[in-house]
Amino acid sequence: MRSTHNLACLFTTIFVTLVNAISRSTDGFDLKPFTINLSSRVPRLMTLVNNTRLPEKPLYTVDQQKGIELDVLRDLHSEWLHNFDWETQQAQLNEFSHYTAVIEGQTVHFIHETSGDPDAIPVILVHGWPGSFQEFLPIIRALTQSSTSATGAKLSFNVVVPSLPGFVFSSAPPLDWTVDDTARIFNTLMTEVLGYSTYALHGTDWGSAVAYSLYSSFNTTVRAAHFVWVNFVPPTQQELVDKNITLSPGEKITEHRGTDWATIGQGYLNEQTTKPNDIGYSLYDSPGPTPRAGTPPSVLTNTAILTSISLYYLTDSFLSALWMYALNANGFPSEYTKAPTDAPMLFTQYQYNVGFWPEQYIAKVGNLVSYKFNDFGGHFAGLENPPALIEDIRELGAHFKRDKAQTKVVDQYADMKNQVYLQ
Ligand SMILES: *[C@@H]1O[C@H](CO)[C@@H](O)[C@H](O)[C@H]1NC(C)=O
Ligand SMILES: *[C@@H]1O[C@H](CO)[C@@H](O)[C@H](O)[C@H]1NC(C)=O
Ligand SMILES: *[C@@H]1O[C@H](CO)[C@@H](O)[C@H](O)[C@H]1NC(C)=O
Ligand SMILES: *[C@@H]1O[C@H](CO)[C@@H](O)[C@H](O)[C@H]1NC(C)=O
């Protein structure tokens, strides 16, 4: 989790597009509908859960700052054994339309839910670690339904939720794979596999690094972007003082949580960046000790947490997903760079998130048109405060529609592409 042209460039893009078009005609991306069926793996999982021993009482009485509390873990353990039913969860996950496609040799799993409205806005939602496509399930249906924006325009979305490489049903990437590679294949997913010439995006956690790379590198196709996290090191308290940035009471809470996370909350990050195999092999066949309690106050339920952990365990993803840290060891730059795009960028700071970026800092990295603060919800906004995230994405949609003037540029670009095909 928690954890980013000039003419010559245009021709390179056209060339790459052409090469992709040729490879598409040979492999066709192997786009296939997909049904989740992990049932045969559940008995072993339940045996492991049942055989898990936990201490009778905590060794030391400390709060969650030293890691998950024994009470929370016992609750989850008991619920897992006695109430949690994978088949029920699996049936709910299968209520969405899942697909797989093969892009540059990577199997990419994704959900694609369409609205039926010909003017629907394509939007890609990119999750992070320890999340999965599951993080966005509470908002997908609402987004595909028509709503009226503040300006009176009707809005609905075609929603695409891919699984990051190495996560659940997407294959593990090669050793030299970074967030930029993931961005490239996700742009191919949106444009070539699904045929959207422009689209909007939302990113959180590592997904925000992927989304920022998309926003920066594909400025003709990504035409609006919403973030709740950016992978730039947040300012320290001293920097805030030096820059005379005063915080609201709510912002102070977030800033404090961010500072705490940076000083005492990043053990997992260091471990996963420097020794991914040690923790990865330990968790490979052990569903026990990893649950996170979300970022309260939130509406994140034990069922959502257990479904998430089960998804990781049942797909053998603990190892391949946490390798994302090691593959992107420089993925959290301290120098803020501005994305070369005029596409609108929106940011929402959720109060209980674990990183705080003031508006002045977010404005450095893109064409910021909206900066909001939300006093409920944390790092997993899609699970913790779905109505607020739905509202954020609708606002994103309104900006995307307003940006329609840009599609002229895109259409010309598409014409050029066609001319190249024809030559
Ligand atoms: C896209 O980025 C290039 C620089 O990399 C810039 O010249 C161009 O104006 C940008 N296009 C848009 C639509 O922002
Ligand atoms: C999963 O596969 C098993 C056979 O391995 C089958 O009995 C079951 O009906 C399948 N479930 C779903 C949801 O397709
Ligand atoms: C757990 O294991 C015990 C001992 O083998 C068994 O009696 C019990 O039924 C199991 N519980 C569950 C929920 O599988
Ligand atoms: C800091 O900001 C306050 C208002 O927020 C202003 O009154 C003050 O002059 C500023 N100080 C500096 C050094 O810019």
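Any Cβ shown, glycine's included, is placed from N, Cα and C.
Annotated in TrEMBL:
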type	residues	note
ACT_SITE	D205	active site, nucleophile
ACT_SITE	Y325	active site, proton donor
ACT_SITE	H379	active site, proton acceptor
DOMAIN	32-136	domain 'Epoxide hydrolase N-terminal'
SIGNAL	1-21	signal peptide
Tally of DSSP helical, extended and coil residues in the domain 'Epoxide hydrolase N-terminal' (32-136): 41 helix, 23 strand, 41 coil
Site with most surrounding Cβ atoms, counting all protein chains shown within 10 Å, from the active-site residues D205, Y325: D205
Number of other Cβ atoms within 10 Å of the Cβ of H379 (active site, proton acceptor) across all protein chains: 28
Distance [Cα-Cα, Å, rounded] between the residue listed as 'active site, proton donor' and D205 (active site, nucleophile): 12
